[in-house]
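Annotation comment: TrEMBL describes Ser72, Lys79, Ser148 as CoA binding site. As annotated by TrEMBL, domain '3-hydroxyacyl-CoA dehydrogenase NAD binding' applies to 28-213. Among the features that TrEMBL reports, domain '3-hydroxyacyl-CoA dehydrogenase C-terminal' is placed at 215-301. Residues or ranges marked as site 'Important for catalytic activity' in TrEMBL: His169.
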Amino acid sequence: MAFATRQFVRAAASDAATAAAKKLLIKHVTIIGGGLMGAGIAQVAAASGHTVVLVDQSDEILKKSTKGIEESLKRVTKKKFADQPEAGAEFVKKTLKNLTTSTDAASVVHSTDLVIEAIVENLEVKNKLFKTLDKFAPEHTIFASNTSSLQITKMANATTRQDRFGGLHFFNPVPMMKLVEVIKTPMTSQKTFESLMDFSKAVGKSPVSCKDTPGFIVNRLLVPYMMEAVRLFERGDASKEDIDVAMKLGAGYPMGPFELLDYVGLDTSKYIIDGWHSLEPNNPLFAPSPLLNKLVEEKKLVSAPRNHSEEMIDHIWKTNASNCMVAVE
């Protein structure tokens with residue numbers, strides 16, 4: 001019996017070693033979408049030595065993305081190479097050398113190890129993209145979505161590589177935020193999952209694992225929190241200002257829920273909660289808000305006249321970004 005047990009242990013160890021050996025070492029990355037998130041992912045991937053191609057619809061967009069990446073890298077060097085300006089300049093130069101751009105996704109995925117999608121939060125548009133790229137990418141290529149609210153499984157089902165499909169949810173601003181949620185669907189292979197975990201660590205992030213549940217971990221907790229703040233205000237229990245102050249001073253949050261709603265955008269928040277409500281109509285946490293619906297219908301996409309975008313990003317860079325609750329992207 002002892003001999004049989006030893007054989008079993010050796011066999012199990014051998015199987016584990018074989019599985020680990022088969023993990024894909026991701027070297028070449030194609031990122032679809034040159035917006036804030038896509039450019040941020042491209043930056044950290046290029047900075048960590050990966051060969052990166054950033055794809056978007058026009059050269060104009062990509063030129064803006066590249067300029068933003070260069071400016072972001074300079075901010076990084078001010079902290080990382082404060083007393084070594086020459087080393088900082090070399091870091092920027094080396095990172096940008098790892099990055100190229102293209103307007104033709106189909107032509108650049110033929111030699112890539114990983115495709116990360118970071119385009120508009122629209123399932124139909126994403127599925128169309130993945131279905132097209134599935135025809136051109138090599139068999140070994142892993143597909144991943146940076147979605148914060150849509151089901152990864154539905155995207156995977158638009159392709160023939162369900163086992164090589166997962167979620168990689170980065171957080172904004174990508175160069176500063178350490179977290180990546182790695183989403184494993186029921187079809188995602190262990191090899192794919194481990195390859196995505198390894199890639200996340202390789203770009204300097206701290207990955208956490210989650211099943212394909214609405215909002216994954218962070219936004220599953222964060223979006224209902226923001227919606228409950230709206231309901232608190234709707235009932236007349238407290239003002240928006242007092243709710244924000246209470247959560248900042250009482251819970252230590254850097255932004256109150258209404259400030260966060262304004263940063264995310266009321267239309268984006270409504271889109272997310274509507275999608276979750278359609279999936280789980282009996283879940284009270286996902287109940288739509290009449291006030292939110294009314295504001296979005298009236299094209300009022302923030303709850304108060306604040307200007308957070310540049311101001312908030314600059315603040316995050318100057319402070320401890322790990323304490324900044326900016327998640328829904």
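Including glycine, each Cβ sits where the backbone N, Cα and C put it.
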Sparsest Cβ surroundings (other CB atoms within 10 Å) among the binding-site residues Ser72, Ser148: Ser72
Cβ-Cβ distance under 8 Å to Lys79 (CoA binding site), same chain, at least six residues away: none
Spatial neighbours, same chain, of His169 (site 'Important for catalytic activity') - Cβ under 8 Å, 6+ residues apart: Asn146, Thr147, Ser148, Val180, Glu181, Val182, Ile183, Phe216
Segment-level pLDDT (mean, integer) for the domain '3-hydroxyacyl-CoA dehydrogenase NAD binding' (28-213): 96
Secondary structure content of the domain '3-hydroxyacyl-CoA dehydrogenase C-terminal' (215-301), with strand meaning DSSP E or B: 62 helix, 0 strand, 25 coil
